[in-house]
Each structure stands twice: as structure tokens, then as C-alpha cells.
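Features as listed in TrEMBL:
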- 38-57: transmembrane segment (TRANSMEM)
- 78-97: transmembrane segment (TRANSMEM)
- 103-125: transmembrane segment (TRANSMEM)
- 132-152: transmembrane segment (TRANSMEM)
- 172-190: transmembrane segment (TRANSMEM)
- 197-216: transmembrane segment (TRANSMEM)
- 236-256: transmembrane segment (TRANSMEM)
- 268-288: transmembrane segment (TRANSMEM)
- 294-317: transmembrane segment (TRANSMEM)
């Protein structure tokens, strides 16, 4: 092994975070400026992957329960509780990620859950891998790389006083008034006119989600600073944000459940992802001013990355059939003179409901 020249050693150190100076992708200055944001990205990606694993585990537990001879409540299954534990861990990880990375990065990384579910279901639920899954996954991964690379690098240590100032700033006040007006109009059509279109329901979910994201980041940031020794939990704004977080989440779940009841998940997942991500990015731009000093090229590449992620999620969810368990309620066996696929309909003119005609009756009817 030869001796590395001094000039090459300096260049190597500059590129991989050594003591030398440089501007490489892993250089010391770059890592120092982005390490907090990088931690948030890793946390968000890992948490969304855990959520996709948990959902597939819960689905697997339900399928196993159906196949059992003696049906037991789903909450008695250890496998189901394992999925719930992973789901809780993933949600906590997402919550913590908002304290380290901008909203514009954490929110779009929800696509990791969609990609993970498409590929993990092949192993857990024995589904077949489709060409659409591979194409959609490739587009989504490419878009995620672009939006993470060109996302704004802003300080993430938000104090209670900063959040108070953001809360009374005129851009956020205008945004809040417009959001309240739009939400009230949609709620009027939903309640009074019984308009329950998927776009109406998911738009209301997205409007509530923008408030949820603002509150989540504020609470997470203040808790993170408090853990580091800068106490922020004594400010009233912390508890205001906690109440806003809980209330917006509750109503968000209500309207989302209504949409899940009326429409298939294959239609809800991509639309909800696009609406939620868009509202989250807007809240980050307006409330936390995340793109205030960003270059025009960075903004364009970030939006292009979001577009690729949206397109990939739509391709993955497109033409994906909902699975329903085919469980016969009554096994009638073979009926002489009738096909197994034949339908037995009740005779509206007879007192016998849902019975086969007797031979005597058929003979009488012919005569």
C-alpha cells in the first residue's frame, strides 16, 4: 500500500467529512448545516415504512382470523397487536421528525408508506408484483430524491416566541380566513345539501390537515428544545397548539372515515395523499416561511419532485382491485335438477319464501 500524497489526502478529507475544507456532498460544512434536517428525513422515511409494515401485518391478522374454525375477536390476536405497536411507533417517529426537518420534506415522505405497502404486500399477503407497482415506485423514489435534495434548509429550532409571532402574522391571518370560508362553504354543502363527493370530503380533510401539520411542528419543536434544556413548555402557546392538534385530528379522522365508508381505498389513498401534501406544503410556506430565501431553480425542482411523487402514487393505486373475502353464508350442497350457480328466488305469489317448487306444483301449473 503506497503513501497518499498530501494534496490527495486533503481532497479526500474534504469530500468525506474529514478535517480538510471543501464543498463535497459529505463535506464537514455541508454535514454541519444539514445534519439536523437529515435526521428528520431519516426519521420520517423509517416511520412511514413502519406504518406500511404495520398495516400489512394487521391485514394478515384479519385474514388469519377469518380462516379459523372458531372466530375470536381481532384484539385477541398477538399479530394484530404487533401491527398496532408498529403503527404507534411509526406515528411517534413522524411526530418527532417534524421537530428536525421542514414540513415541506416530512409531509411528502408519506409516499414511502404507499410504496412500502405495494412491495411489502407481496411478502405478507402473497400478492403478485405488477408492472404498475415497479413504474410507480420508480417515479415516486425519483420524486422523493428531488424534493429532499432541493427542499429549503431553514433553522428548525422554533421557540415559543417565534411561533407566537408567526401566529399573528398577516400572511397566516389571510390564509386562515380563506381556509375558514372555504371550509364553511364545503361544510354547508355536506350538511345541508347532502353533497358527499370524494373531492368535497377530502378537501375538508386537507384543510384540517394543514392546521394539524402547523400544530404538530410547533409542539414537536417546543418539546425538542425543552429536552435540550431550553424550556418552552411554560408558554401558553404550547397548550394552545396541543388543543389545536387534538381537535383538528379528531375532525380530520371523522371526515376521512366518512370517505372510507363511501368510496374504495384505491381512490382515497392517492387523492388524499395529493391533497394532504399540498396543504401541508402551503402551511409550511405561509406559516413557517420555509421557501422565503429559496432560489427559483430549487423551488422548481422541488415542485417537479412532488409532481413525480404524486404521479407515482396514482400509478400504484390505479386499477388496484379491492379484495373481499368470499365466505359463503350457507353451503346448500348439490340440488338435483339445478346448477350450483343457479339462483333460488322467492315466489312473490306463494306463501313459501325462498323454497323450491314441488313437482306437484309444477305439474299443476303446466296443466
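Backbone N, Cα and C define each Cβ position, glycine as well.
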Non-local residues, at least 6 beyond the ends, that sit with Cβ under 8 Å of the transmembrane segment (172-190):
166, 196, 200-201, 203-204, 207-208, 210-211, 282-283, 286-287
Excluding the flanking five residues on each side, which residues at least 6 beyond the ends of the transmembrane segment (294-317) place their CB within less than 8 Å of a CB in that stretch?
104, 108, 111, 114-115, 118, 132-133, 135-152, 266-267, 269-270, 273-274, 277, 281
Do any residues, 6 or more residues outside the transmembrane segment (197-216), come within under 8 Å Cβ-to-Cβ of it, and if so which ones?
95, 98, 103, 107, 179, 182-183, 186-187, 189-190, 241-242, 244-245, 248-249, 251-252, 255-256, 258-259, 262-263, 267-268, 271-272, 275-276, 278-280, 282-284, 287-288
Against which stretches of its own chain does the transmembrane segment (236-256) lie, if we need a Cβ under 8 Å and a gap of at least six residues from its ends?
160, 163-164, 167, 201-202, 204-205, 208-209, 211-212, 214-216, 218-219, 222, 268, 272
Please report, as numbers and ranges, the same-chain residues at least 6 past the borders of the transmembrane segment (132-152) whose CB is under 8 Å from any CB of it.
37, 41, 102, 104-105, 108-109, 111-112, 114-115, 118-119, 290-294, 297-299, 301-302, 304-316, 318-319
Do any residues, 6 or more residues outside the transmembrane segment (103-125), come within under 8 Å Cβ-to-Cβ of it, and if so which ones?
37, 40-41, 44-45, 48-49, 51-53, 55-57, 59-60, 63, 94, 97, 133, 136-137, 140-141, 143-144, 147-148, 151-152, 213-214, 217, 269-270, 273, 276-277, 280-281, 283-285, 288, 290-291, 302, 305-306, 309, 312-313, 316-317
